[in-house]
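**Q** One structure follows; several queries about it will come next.
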Amino acid sequence: MLGLRPSLLLALAGLFFLGSAVSQECTKYKVSSCRDCIQSGPGCSWCQKLNFTGPGEPDSLRCDTRAQLLLKGCPADDIMDPRSIANPEFDQRGQRKQLSPQKVTLYLRPGQAAAFNVTFRRAKGYPIDLYYLMDLSYSMLDDLNNVKKLGGDLLQALNEITESGRIGFGSFVDKTVLPFVNTHPEKLRNPCPNKEKACQPPFAFRHVLKLTDNSNQFQTEVGKQLISGNLDAPEGGLDAIMQVAACPEEIGWRNVTRLLVFATDDGFHFAGDGKLGAILTPNDGRCHLEDNMYKRSNEFDYPSVGQLAHKLSESNIQPIFAVTKKMVKTYEKLTEIIPKSAVGELSDDSSNVVQLIKNAYYKLSSRVFLDHSTLPDTLKVTYDSFCSNGASSIGKSRGDCDGVQINNPVTFQVKVMASECIQEQSFVIRALGFTDTVTVQVRPQCECQCRDQSREQSLCGGKGVMECGICRCESGYIGKNCECQTQGRSSQELERNCRKDNSSIVCSGLGDCICGQCVCHTSDVPNKEIFGQYCECDNVNCERYNSQVCGGSDRGSCNCGKCSCKPGYEGSACQCQRSTTGCLNARLVECSGRGHCQCNRCICDEGYQPPMCEDCPSCGSHCRDNHTSCAECLKFDKGPFEKNCSVQCAGMTLQTIPLKKKPCKERDSEGCWITYTLQQKDGRNIYNIHVEDSLECVKGPNVAAIVGGTVVGVVLIGVLLLVIWKALTHLTDLREYRRFEKEKLKSQWNNDNPLFKSATTTVMNPKFAES
């Protein structure tokens with residue numbers, strides 16, 4: 001049952017792949033030929049039937065999905081729909097190959113993937129090259145002694161796996177600059193802590209033995225090796241691995257399975273660590289062996305892990321990290337980045353290295369990674385893996401199957417898709433760690449293989465050839481059937497007459513420019529008509545009412561973006577019935593004379609409010625200056641408007657009967673209070689006004705009394721301030737005089753000269769004073 005499962009999954013994946021290709025849509029843009037059509041998308045097809053498009057219809061209607069073209073009446077034989085194709089080529093010479101087919105030719109249509117199957121069958125006894133790369137720092141002394149004894153055992157273990165095995169040897173320590181090694185001359189000669197111990201000077205990498213099938217030679221060359229030493233714990237192992245991968249001729253790699261055993265008891269330096277030793281140049285990934293020594297290690301930084309992973313994959317080398325127990329987790333993290341690599345726990349003295357290599361090889365050879373060489377961005381490759389153990393994965397960036405047994409095939413479905421028309425190119429698919437490859441030749445599928453109809457004389461008016469259903473006109477002729485003669489005018493000059501307002505779009509993108517005039521397309525939308533000098537108009541792009549253009553055919557019609565309403569209707573979408581009954585006030589005046597009626601509703605002038613435009617809340621009080629002046633001239637024949645009252649106050653009618661409105665009380669031109677009442681009538685600035693008969697005039701103030709009182713007050717305040725100042729100065733002088741009198745009474749005078757000094761000096765004998 002499990003044996004059938006991969007094939008069943010493969011069939012289902014193929015059906016899904018075909019189904020997804022059929023269900024695609026066609027999104028076209030500026031399509032004028034079959035080539036343009038098939039590049040528009042994988043779902044687009046082209047109809048080459050003659051006269052498939054009618055008058056005014058663009059050639060772009062020939063481009064659509066196959067289903068739509070069939071519905072439009074295009075015969076199936078006239079539909080051009082080139083598909084992406086994969087043509088595998090199998091080796092017929094009977095050579096033993098682990099990958100098949102050996103070559104595949106793809107014809108790729110943009111956006112449509114081509115799929116093909118790659119089968120891997122693991123062969124028994126495939127040749128192996130094994131290179132043993134050993135850390136010779138002082139802590140590996142016991143390991144070196146054991147490896148010297150295991151040369152024959154290593155080659156014998158290879159012969160148990162394969163009929164053709166070879167083995168080589170190399171060693172490494174670290175860069176020979178501080179802080180990686182002690183640069184004292186004595187320490188450079190003998191870096192070991194025990195001076196009596198024979199040690200060789202430190203080095204970055206030494207290629208000791210080229211790959212060979214002679215176990216005695218291996219044992220002899222390894223037996224000559226001496227231990228060395230360095231300062232810090234991490235070693236320069238990545239430098240050594242890079243040289244092993246970058247120097248295939250010096251190492252002696254064959255085009256077979258390549259294994260690299262990396263034996264160490266510590267970590268590793270990587271890119272950036274070289275700066276500690278003033279080494280700033282990045283590692284270039286090239287071979288720099290001179291006399292089997294990496295002599296330029298102090299010029300280049302350590303490689304990065306990613307750089308090393310790429311180089312190992314490029315060189316098809318599978319590393320086996322034989323490390324001590326404390327380093328297993330560190331190198332397991334490294335194998336997550338480096339494909340087709342394994343980790344084995346090395347005993348403290350490397351006595352188990354033979355079994356470790358055998359176990360790691362079986363683990364590596366039973367897992368297959370299918371990958372490809374570097375591709376441009378326009379190509380995308382995905383893998384569907386169908387493994388013999390029942391596991392599967394879909395749409396991954398590389399194929400992956402584990403537990404692959406000898407002679408038990410596993411199948412990968414490879415899908416290749418181009419995002420655009422590409423140039424012819426090729427790439428290689430290979431199983432990592434194995435030598436077999438699949439060469440994939442990619443060719444573009446961007447042309448239509450239409451029937452040749454150019455021999456028919458009646459087509460294209462004899463002035464062109466028919467290609468895929470459309471005319472390709474001779475020089476000097478243009479048009480759908482080459483009916484227009486340019487008469488020396490360029491197509492740019494003719495098209496200039498078809499561009500509105502010097503636009504870059506010909507005929508608004510909705511027509512063809514034929515002999516300098518726009519011939520509008522027939523729209524795909526039912527009942528839609530495109531018209532106008534530049535095909536800029538139609539009969540559907542107008543405002544809608546009740547979800548219908550211009551309210552429906554019974555209300556109006558659309559004409560180039562504006563509704564033309566039928567009698568009895570109005571509005572931008574013919575949404576209104578033509579009537580004014582809803583706009584009449586109680587006096588049957590439309591909008592009170594302060595607005596206009598639209599859609600049977602008042603549109604009021606600024607400052608007035610619906611429904612009848614009677615109120616003006618933003619106008620403020622009616623008691624304004626011009627109304628007060630009108631009341632003054634109409635009632636009392638005076639004021640600013642006295643001479644032209646009939647003109648300035650034409651909208652006001654003086655009433656003798658009081659009005660029931662809020663009165664206004666304002667000052668007139670003479671300062672008297674005048675009281676009047678206003679009643680607004682229909683229209684703007686039309687009022688009835690009633691003015692009270694009497695004026696309230698208030699007597700003015702006594703100016704002389706105010707001025708005289710002010711002057712007297714100022715004088716009195718000045719006199720008072722002078723009196724206060726005089727009193728203060730008198731009190732100050734009196735206080736000073738009394739203080740002077742008091743000081744004079746205290747002073748006492750004598751007749752001694754204070755500068756006189758006596759000439760007599762008396763000295764007392766202290767002994768005499770005691771007696």
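Easy rule for this one: first residue shown is 1, then count along the chain.
Including glycine, each Cβ sits where the backbone N, Cα and C put it.
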**Q** Just to be sure I read the record right: S137, S139 are listed as binding Mg(2+) in Swiss-Prot. Which of E57, E196, E221, E235 is listed for the same site?
**A** E235
**Q** Determine, on the basis of Swiss-Prot, the cysteine among C482, C484 paired with C473 in a disulphide.
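**A** Answer per the record: C482.
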**Q** Per Swiss-Prot, what member of D232, D239, D265, D436 joins S139, D142, D143, D348 in binding Ca(2+) 1 at one site?
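**A** That Ca(2+) 1 site, as Swiss-Prot gives it, pairs S139, D142, D143, D348 with D265.
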**Q** Would you mind ranking the binding-site residues D142, D143 by how many other Cβ atoms sit within 10 Å of each Cβ and giving me the lowest?
**A** D142
**Q** On a C-alpha basis, identify the one among S139, D265, D348 that is nearest to C47 (disulfide bond); the candidates are the binding-site residues.
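**A** Smallest Cα separation from C47 (disulfide bond) among S139, D265, D348: D265.
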**Q** Which sequence positions outside the domain 'I-EGF 4' (576-614), separated from its termini by at least 6 residues, show Cβ-Cβ distances below 8 Å to it?
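**A** Contacts with the domain 'I-EGF 4' (576-614): 567-570, 682-684, 686.
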**Q** Where does the mean pLDDT land for the domain 'VWFA' (125-364)?
**A** 89
**Q** Per 10 Å Cβ neighbour count, which of the disulfide-bonded residues C44, C542, C558 ranks highest?
**A** C44
**Q** Could you round the CA separation between C192 (disulfide bond) and S137 (Mg(2+) binding site) to a whole angstrom and send it over?
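**A** Here the two Cα atoms lie 9 Å apart.
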**Q** What is the nearest of the recorded positions D142, C199, C515 to C542 (disulfide bond), using the Cα of each?
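**A** Among D142, C199, C515, C515.
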